[in-house]
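J.: Swiss-Prot lists these features:
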TRANSMEM  5-25  transmembrane segment
TRANSMEM  47-67  transmembrane segment
TRANSMEM  72-92  transmembrane segment
TRANSMEM  111-131  transmembrane segment
TRANSMEM  137-157  transmembrane segment
TRANSMEM  209-231  transmembrane segment
TRANSMEM  248-268  transmembrane segment
TRANSMEM  283-303  transmembrane segment
Amino acid sequence: MGIDFLFILKALIIAIVEGLTEFVPVSSTGHMILVGDLIHFNTQSGGFPEMYEVVIQLGAILAVVVLYWRKISSSVVEFLCYIFSFIGLKTSGDKRKYEKRLAESETGFRFGINVIIGTIPAAILGLLFHDEIKEYLFSTKTVAIGFIVGGILLIVIENNFRKRAKRSKIVKDIDKMTYGQSLLVGCFQCLSLWPGMSRSASTIMGGWISGLSTTVATEFTFFLAIPAMVGASGLDLFKFDYSQMNATNWISLILGFIVAFIVSLVVIDKFINYLKKKPMRVFAIYRVFAGIVLAILIFTKVIS
């Protein structure tokens with residue numbers, strides 16, 4: 001069987017869509033479902049399209065790791081140092097040395113705990129209802145609803161946040177986040193299990209409500225994406241039957257991963273710079289408009 005170049009082209013289109021939408025509040029999953037249906041990428045049997053989307057999401061996540069490597073690596077080192085220092089403090093006679101190490105590594109430890117706390121709610125729901133979510137929520141109809149609902153929520157919550165920010169203090173340093181704030185953001189991340197809602201939009205809205213600045217909420221969203229998506233991806237990749245893979249599939253997989261990674265590198269940098277100057281309203285308006293158009297296309301049976 002020869003190489004299907006048309007299928008590879010379709011796969012690369014999906015990878016570009018993933019890279020463009022994963023970290024902006026418009027729902028990458030929703031767009032991949034929609035575009036996949038439009039170009040007939042989702043018609044291949046055996047579950048390859050679903051597995052492919054998981055792999056290219058990992059490519060997007062790798063972009064976060066590369067761009068924020070200094071923060072991630074230093075936090076991991078400090079997190080482990082704090083744990084070992086705490087153990088040493090309890091078991092060693094040289095308490096002064098370990099107390100100093102605890103103080104020096106506390107920032108990284110708190111950051112790590114915040115990421116863990118923020119990951120737990122969606123991880124629990126995702127594990128408990130993984131199959132139900134895949135069966136009942138992954139459709140163009142639910143995506144259309146998610147686009148509209150998420151867009152309206154973005155407008156309302158951002159307006160309230162900007163009013164509140166004028167009269168009360170907001171957290172502008174990610175290392176100053178509290179455990180309560182990370183838990184609230186994590187609870188909002190559960191909304192992202194609904195395709196069309198957007199993980200980025202959900203967590204940023206949770207950040208606004210908890211008192212985080214837009215930049216801090218967005219960067220925390222990036223960090224939450226690493227365990228959330230690696231965990232969800234691992235489950236799907238473990239279940240997939242690789243014996244049915246052909247040369248076209250493998251080429252699509254490798255190229256798609258690379259393309260999603262490169263596009264995400266560019267988008268993350270541009271998105272953060274955009275947020276420092278302008279509000280999210282443009283994304284919210286786009287979501288509502290796209291949701292309405294999608295609903296019309298479904299109603300008129302242009303797409304199913």
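Going from the start of the chain as shown, residues are counted 1 onward.
Glycine residues also receive a Cβ, built from the backbone N, Cα and C atoms like all the rest.
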J.: Okay, the transmembrane segment (209-231) and the transmembrane segment (111-131): do they have at least three CB pairs under 8 Å, pairs separated by 6 or more?
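T.: Checked: the transmembrane segment (111-131) vs the transmembrane segment (209-231), in contact.
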J.: Sequence-remote contacts (6 or more beyond its ends) of the transmembrane segment (248-268), Cβ cut-off under 8 Å?
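T.: Here the qualifying positions are 3-4, 7-8, 11-12, 14-16, 18-20, 22-24, 48, 52, 55-60, 62-64, 66-67, 222.
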J.: Which sequence positions outside the transmembrane segment (209-231), separated from its termini by at least 6 residues, show Cβ-Cβ distances below 8 Å to it?
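T.: The answer is 22-23, 57-58, 60-61, 64-65, 68, 72, 114-116, 118-119, 122-123, 126, 157, 161, 165, 168-174, 177, 180-182, 184-186, 188-189, 199-200, 203, 268, 271-272, 275-276, 280.
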J.: Using a Cβ cut-off of under 8 Å, list the residues of the same chain at least 6 residues beyond the transmembrane segment (72-92) that approach it.
T.: 65, 98-99, 101-102, 104-109, 111-112, 223, 226
J.: Going along the chain, which residues at least six beyond the ends of the transmembrane segment (5-25) come within the CB cut-off of under 8 Å?
T.: 31-32, 35-36, 39-41, 44, 52-53, 56-57, 59-60, 63-64, 150, 154, 198, 200-201, 204, 221-222, 225, 248, 251-253, 255-257, 259-264, 266-268, 271, 280, 283-284, 287
